[in-house]
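Copied from Swiss-Prot, the annotated features are:
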- Gly497, Glu498, Arg499, Gly500, Ser501, Gly502, Lys503, Ser504: ATP binding site (BINDING)
- 1219-1245: compositional bias 'Basic and acidic residues' (COMPBIAS)
- 401-1145: domain 'Myosin motor' (DOMAIN)
- 1147-1176: domain 'IQ' (DOMAIN)
- 373-392: region 'Disordered' (REGION)
- 1111-1377: region 'Involved in CYFIP1- and NCKAP1-binding' (REGION)
- 1219-1250: region 'Disordered' (REGION)
- 1282-1307: region 'Disordered' (REGION)
- 1326-1409: region 'Disordered' (REGION)
- 1448-1674: region 'Disordered' (REGION)
- 1697-1731: region 'Disordered' (REGION)
- 1747-1778: region 'Disordered' (REGION)
- 1821-1844: region 'Disordered' (REGION)
- 92-121: repeat 'ANK 2' (REPEAT)
- 158-189: repeat 'ANK 4' (REPEAT)
- 191-217: repeat 'ANK 5' (REPEAT)
- 254-283: repeat 'ANK 7' (REPEAT)
Amino acid sequence: MEIDQCLLESLPLGQRQRLVKRMRCEQIKAYYEREKAFQKQEGFLKRLKHAKNPKVHFNLTDMLQDAIIHHNDKEVLRLLKEGADPHTLVSSGGSLLHLCARYDNAFIAEILIDRGVNVNHQDEDFWTPMHIACACDNPDIVLLLVLAGANVLLQDVNGNIPLDYAVEGTESSSILLTYLDENGVDLTSLRQMKLQRPMSMLTDVKHFLSSGGNVNEKNDEGVTLLHMACASGYKEVVSLILEHGGDLNIVDDQYWTPLHLAAKYGQTNLVKLLLMHQANPHLVNCNEEKASDIAASEFIEEMLLKAEIAWEEKMKEPLSASTLAQEEPYEEIIHDLPVLSSKLSPLVLPIAKQDSLLEKDIMFKDATKGLCKQQSQDSIPENPMMSGSTKPEQVKLMPPAPNDDLATLSELNDGSLLYEIQKRFGNNQIYTFIGDILLLVNPYKELPIYSSMVSQLYFSSSGKLCSSLPPHLFSCVERAFHQLFREQRPQCFILSGERGSGKSEASKQIIRHLTCRAGASRATLDSRFKHVVCILEAFGHAKTTLNDLSSCFIKYFELQFCERKQQLTGARIYTYLLEKSRLVSQPLGQSNFLIFYLLMDGLSAEEKYGLHLNNLCAHRYLNQTIQDDASTGERSLNREKLAVLKRALNVVGFSSLEVENLFVILAAILHLGDIRFTALNEGNSAFVSDLQLLEQVAGMLQVSTDELASALTTDIQYFKGDMIIRRHTIQIAEFFRDLLAKSLYSRLFSFLVNTMNSCLHSQDEQKSMQTLDIGILDIFGFEEFQKNEFEQLCVNMTNEKMHHYINEVLFLHEQVECVQEGVTMETAYSPGNQNGVLDFFFQKPSGFLTLLDEESQMIWSVESNFPKKLQSLLESSNTNAVYSPMKDGNGNVALKDHGTAFTIMHYAGRVMYDVVGAIEKNKDSLSQNLLFVMKTSENVVINHLFQSKLSQTGSLVSAYPSFKFRGHKSALLSKKMTASSIIGENKNYLELSKLLKKKGTSTFLQRLERGDPVTIASQLRKSLMDIIGKLQKCTPHFIHCIRPNNSKLPDTFDNFYVSAQLQYIGVLEMVKIFRYGYPVRLSFSDFLSRYKPLADTFLREKKEQSAAERCRLVLQQCKLQGWQMGVRKVFLKYWHADQLNDLCLQLQRKIITCQKVIRGFLARQHLLQRISIRQQEVTSINSFLQNTEDMGLKTYDALVIQNASDIARENDRLRSEMNAPYHKEKLEVRNMQEEGSKRTDDKSGPRHFHPSSMSVCAAVDGLGQCLVGPSIWSPSLHSVFSMDDSSSLPSPRKQPPPKPKRDPNTRLSASYEAVSACLSAAREAANEALARPRPHSDDYSTMKKIPPRKPKRSPNTKLSGSYEEISGSRPGDARPAGAPGAAARVLTPGTPQCALPPAAPPGDEDDSEPVYIEMLGHAARPDSPDPGESVYEEMKCCLPDDGGPGAGSFLLHGASPPLLHRAPEDEAAGPPGDACDIPPPFPNLLPHRPPLLVFPPTPVTCSPASDESPLTPLEVKKLPVLETNLKYPVQPEGSSPLSPQYSKSQKGDGDRPASPGLALFNGSGRASPPSTPPPPPPPPGPPPAPYRPCAHLAFPPEPAPVNAGKAGPSAEAPKVHPKPNSAPVAGPCSSFPKIPYSPVKATRADARKAGSSASPPAPYSPPSSRPLSSPLDELASLFNSGRSVLRKSAAGRKIREAEGFETNMNISSRDDPSTSEITSETQDRNANNHGIQLSNSLSSAITAENGNSISNGLPEEDGYSRLSISGTGTSTFQRHRDSHTTQVIHQLRLSENESVALQELLDWRRKLCEEGQDWQQILHHAEPRVPPPPPCKKPSLLKKPEGASCNRLPSELWDTTI
């Protein structure tokens, strides 16, 4: 049965033991079965008879290493004596010294050094024993190696010296630094020395690369230079290799990458560098291990794991090279401490050894009938709360009194002070202030003033004592707490007083109040502190005559507060000078440590029997002081205390089994003291008299009985490697017996303290949380007995030292500073004879403690000279402080020489000491033999106690490091140094080791102070130095405790006894110094920093003054009295600080109030903004969902209509082809019929559009754009030129004139209303359309009318009777007579590309007839015709004699223009002599005029897009109302859904009118839904490509509004103020992403993307809500009334019915690869489009098949026109790519100034007219061509901005698969 080691370690102790026991039973069973099977073999029994008993022999080397590891020094000596080689190497290549340095075996290390082992031996990693000793922090080994001549500058494989591995602040580091400094080696030399090896390799690599070497070259094992540099940690070399193309992921023969090596050898910086350069962390070596699997530290492993995650993300989404490096802000030197080798595993016992020791514990308990009968458990959940009856809290606080502060008394003398204190004590007012000092009188009874309610009452936000509360300990704590964060400096409480004055109880109350500041962890910390105090009282307190709970050690509590949260986070306890001698002997009337009495009274009889404990009198350590038998109540109380102690031990981390083990050790200590010795020979050699007791003690300690007996009675010494054994006398044996007991108890006490520190230790401390500390120092009090010995001397020496420190802080420092600063003092302080007393004890080298230590080093056989030396010291000392008892206090010689007695004049009085036996009591060093035995103990706790090191203060070294002071010197040694910094340094620093041998070791040892022996005196000196050092870092708060009487009686006040205490404490001096002195002394900078709010408030304009002046101004502004200014400091009274703090607090409250108001205002504003945004989001979402639903329905309807339209169009195309000959024959007949029925049709019957006589673009695109959105019609060339002129006169004519001959250059100055004539019966005709025959039926073909022939016109015919008078020169006047009809229909961008019907042949010249055109007057002018009357305008054009064919047609295309906004002044600024002089409402018309579409009137501003011609009669047709299903706002009755809607606010006086055909579906007009605000104009882009809209028409059955919504004026596009003749800009974006196409036949379109400037729609305003502000509005309303309808003459229809002209318009040009490629990609063999998105600028085009216009398939009688398909424009454009027309169109599109391009177009047309060529010949003949206009720059306004979306519906709504 096998089990994983990790799983075994994770199991609880009890479960693991059961599992191991079962496994062991199975192993034994298997073993027996195997043995039985083996015995059955033949001949086994015979061989067994002749065989000897087998013995296992181990190699001496293995046994020697095992003995060194387990500190079995006796075994080591035996093995060395038997011949074991001390020069044996271990498996890592190191020597036995490496093993001794690893396991801190200094004794064996000294033996090995004496035997010649090399102290500088290096293992496989070049580690010396010094490296290991520093890494493990074993100062004894370090000092031993240094004294043995070890080279401290040797480097390991990583280039680190031993100092690099020594943690800063440790003793090992101190030894090395002192040694190097003693020998003249500084850190700069060390840094340069360390850089020699990496710089050498850097030089070699540079030379190798400069000579052309391959940076990735491998050696025989596949190792590259990068591998070597990464393993060695040479960062500069690695950087150089990477700069020259080094492969990051290159592998050697074992598949190790440089990252593997850097991680394995702990090169943290290189790991980071490789990861920054994108090294792959997922690569594995030959062992299938990634770099993170073999990382030398957890930090490197964590960094690699993060890199692995980042690498995986990089594979999904590539990251930049610097991304990984920026994920974690690693510092340049990430770890101060270099990563240790793996051979330095944690110092813990293997799990097998732990289980073995535990089993032996259990076996021992079973053998001795131990205490525990239940199964062991790892931890037993205990109630953390202390047991006790819950009583209601009582609060009884006295009101504040005038005498709360003694410094305010009017009369200051000893009597008055004593009287006030006595009066307050009688009123249970035990606390009194002396300034900031608290005076406490022990009441010897419980007072209800320490409850949690009282603690909360004293909570303060500023630390100032509430005026309604009396003085209290809690108020002093509050002041210190707030001062901690105000000063950012640790605080400390110093409690002083005699034994029994209440210091320990006061410290507990301080801790209790501070735990209330622990936040959420208050209950936990408070409970832990209670349990910790319980343990300390049991193991460190004793009962004396002065105090029933007297502290026998010095404790220093350190409470840690989080600086950010200002809460208590953890604590730590420091213990000093445990009174160990009390264990062995107690003074008269005093007891031993309380724990033994708790065991004797608290354990049951059975438990005591298991521990062999009897009554108190049976044990020597407990029966020295005769005591009366404890009462039953006392025993019961001890039993309860023991139960509480067990629970406390459980809380701090001890299991029940471990608690029982502690009790076993304590019982062993008691039994150890009972061992007696006897002499059996004349040599007085000691032997143990009771071997059974010895065996019992050895069993409890789990050591060998013989070894324990030998260690107690003999001593082993080594001289030059030889072991010398010396027998002890009885006296010496008893001394070592007691010394072993004291050492065991003191180490156990330190072990408990360390365990409690682990419990109180803050878990957040390791996270580098900034903490501030509050310390509480509780020292044992001053004492005096009838016989005062060495113990009382140590206690009183400590009190003397602390009293001197208090006086220094309170008096001497102030006195010195006042003298230095030139400030006068009213009081003076004299230290008295304290300095003489302290010098007598602590002076070196002639002080009492030094003398005692010297005598303690003498061997036992030498007679002591201590009395003589002591008398000599007394004679030389200050007689006022110390004098010999040979003389009395008056200097008289005494009769008897006491020898070791002397008298000390302490601050508290005169005390005589007798130091007999002080030398033995001072010794505290166990013999090596006893250490050998205790280190081999199988008791886990005992083994740990004696293998752990002791600090210089005598305490056990803590198990966990002090993170607060942790650091490393390698941060100084590893600083980056460039190559230039060491160039030229030829000094060989490797020879620095010679400097280390120049001086001896005496000075070195003196500086280390390591020469001091391990004595009580040395521990006392070190402890006091440590305590004073802690206090000096803090701001002190003094609490003086006073005993009211010497009998421990409550309510008893001994005036004489209290007066004596007040005098030696110096209460009167304290009162005077606080009243007249300056206890608050701050430097100028500290003052301004502490009271910064006041300084900022009072020194607004005076901050440039000196610091002293600023401090003075602040104090003057605060109106304080009694302060003084020194040279560098401010001297304040103690109440000044409180007043200044109050002023700061008031300012802070005002600031907080202001901030609260502002934050509330901002919060409300933010809330309102969020609510508004939320409402807008909800509205937008609802609107979006509704629009999406509406558009989806519209799309469905459009697809249905498209299907029907495609079918009709196809049938109409076939019918047209079949009826073409018939139409040619009946041309004249139709003309005659049309001429005859002209008047009749005008008066009655519906009006018709004839498919053969009009441009299909006008109706098809108009209807199709209701689905597309933006305008597809733009003003013609003439209207563009005429928009800038608005000066004209109304026509007085109301009847048509005679029909004169007309000039071909005559232009119709048609008004906007005439061009955009409306249908008054649009709503009635919508319902009639469903009942009439479809276009493809027979009825439709019979009703077609033949248009009349084109009349002959005179070029000199002028237009008369127009709405406005035409002024200025006409461009047609300069044109030759031989170019009639040369003017072509010019389409601005977005205009449908239609192939116009050919003009009449020249043979019709004689048959010319006049053409009547119907016009309306200006409805808004008073002199205009009436709205119900028509104005007939006469136009007549005669062809010249030499004229060619009539007006042909050519194509222009571009972007559809939006409205041009112009100021009125710009409008009037047009020059009169411009090329275009027709006023804006009347465009310069083209020779071809399709029938006009008349819409319901709306006040529009766009100009007509129809190609008006002087030869084209007008025919008024009512268009059907389209159902768009866009759910736009419904227009009122009388308004057309097909007409543009513009608000009055959007149209200015100078705005150019647009075509009604454009406005019908203009995206910038009212018909389009709201769009996003336009982006800024983009840079010029490529010219927009033409598109071909869908070949279908939508005719819904019901009319529906077109306008979807109106944007506000803020959503308008930027207004453009063009110059005269400026070209229009690009139109707005389309409202739909795609044009729906027929499910039967796909759209014949070549949709291209084109740029345009987004033009948002203007706000919608229905006509009914807008006043008539212009003649156009009035005329539109006239049209809406239906009173006037224009009629197109039959002649006009005949003009456009040209015969004999048919062109295949579907042939695309091969010269334009882009067009052909796009066409081939987007069209199938039937020329069908597939999902190409419409351009937003080329928003209309007309389709045709084979050059023929395709009708819409609707009958004429229904009022619908036969409209052409929108594919004609594209196919025509593709055919004539190389023609002059195409070139002109391209130049127009690329023109930066379109007006210039239009002027060039007119010139080109004029040139064509002059040549007199037939337009058809121009189209069909390639030679010689007229050169096109010169190229112009690309217009910047024609490009669509990036990101401007023309789509309102997503592409998903258009199913391209239909």
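Cβ from N, Cα, C; glycine included.
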(message) Under a three-state reading of DSSP, tell me whether Glu498 (ATP binding site) is helix, strand or coil.
(response) strand
(request) Calculate the per-residue pLDDT averaged over the repeat 'ANK 4' (158-189) and state the result as an integer. (result) 82
(message) Counting by DSSP secondary structure, give me helix, strand and coil numbers for the domain 'IQ' (1147-1176).
(response) 30 helix, 0 strand, 0 coil
(request) Determine which residues of this chain, when Gly497, Glu498, Arg499, Gly500, Ser501, Gly502, Lys503, Ser504 are set aside, have a Cβ within 8 Å of the centroid of the ATP site's Cβ atoms, and list them as they appear in the sequence. (result) Asn442, Asn547, Gly781, Cys1041, Arg1043
(request) Report, as a single number, how many Cβ atoms besides its own are within 10 Å of the Cβ of Arg499 (ATP binding site). (result) 19
(request) Provide the number of Cβ atoms within 10 Å of the Cβ of Ser501 (ATP binding site), excluding the reference atom itself. (result) 24
(message) Neighbour count, 10 Å Cβ-Cβ cut-off, for Ser504 (ATP binding site): what number do you get?
(response) 22
(message) Please list, in sequence order, the residues in the chain of Gly500 (ATP binding site) that are at least six apart in sequence and whose C-beta is under 8 Å away from its C-beta.
(response) Asn442, Thr544, Leu546, Asn547, Ser550, Gly781, Arg1043, Lys1048
(message) Please count the residues of the repeat 'ANK 4' (158-189) that DSSP assigns to helix (H, G, I), strand (E, B) and coil.
(response) 19 helix, 1 strand, 12 coil
(request) Write out how many residues of the repeat 'ANK 5' (191-217) are helix, how many strand and how many coil, based on DSSP. (result) 19 helix, 0 strand, 8 coil
(request) Go ahead and report the DSSP secondary structure tallies for the repeat 'ANK 7' (254-283): helix first, then strand, then coil. (result) 16 helix, 0 strand, 14 coil
